[in-house]
């Protein structure tokens, strides 16, 4: 990783000097004759060319288009806030009071533990800031696949395409064994909350979305004493995951998604939408698979044989239609590419 960065810096420096000198020579050729030789004039012209290049805005990535670039869609510009931090780490482990009070109401937690003490203990166990997704650079072009769990993935044959991405983000149960041709086999990051936890491969980063203080407490004990085994349903006492692979989704970012992108629809965002907006902030190119109904209008998971098994959509917690429209709008303005499946 470091070697690649150094190489990129060298390439950029060489290109910068080459372009500057070439630009100067071409410009100078049109202004003076071969018989004119004024060192002061040459230096002045060269300095002016350098100033022009420095003023040229630096793009946030090396892709043909970068998600975070503004000015293409007013709808997007009014919602996207590049200052929002999707990860909660030891460096920013402070939840603003308004975000904290809003977050506490999501699942009606009673008598929560002190949040500051909880975060201090948590980041004494996990580093929370050593993941490739947390490293950004203007010389990169990060291609991310966000893979949902819709039944429209069945017989889609998207597997190879999904696996070709730099990062593959999945969520909740999301089995891959037996479904590789449709959903792929590669996973780099997996979104979970305590009630949806599944054992992951050793090289997969686990992004925990906390909806209450108890969720953060669960991570602490699941990696140490194993004392918590129940939230509102049974949860594992212990989890098998490397501590450096545990990442925390920022509660303030959940509020940002709810207010900016959902416009306060539903009680709070689904894991699916949280993962899509998360990807907008950490990736340069985002391709979305496995969202929405199948071609027959059924809302179910790709591993379910019962096509009508879509009761999860009627819980009243999430506004599925509004969330899906947000995804479609992002696709229509070419901030993401949306694969509809079958």
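One-based numbering along the chain as shown.
Glycine residues also receive a Cβ, built from the backbone N, Cα and C atoms like all the rest.
Record check: Swiss-Prot places 107, 149, 172, 232, 268, 272, 292, 301 at the substrate site, and the matching candidate among 72, 318 is 318. Scoring each of the recorded positions (116, 172) by how many neighbouring Cβ atoms lie within 10 Å, the top position goes to 172.
In the three-state DSSP scheme, residue 172 (substrate binding site) falls into the coil class. Long-range Cβ proximity for residue 283 (disulfide bond), meaning a same-chain Cβ under 8 A and a gap of 6 or more residues, is found for 67, 142, 143, 144, 167.
Residue 172 (substrate binding site) has 325 as its nearest neighbour among the recorded positions 63, 116, 325, going by CA to CA distance. The closest partner of residue 81 (N-linked glycosylation site) among the binding-site residues, by CA position, is 268; the full candidate set was 107, 268, 318. The Cβ of residue 325 (N-linked glycosylation site) has 12 neighbouring Cβ atoms from other residues within 10 Å, across all protein chains displayed.
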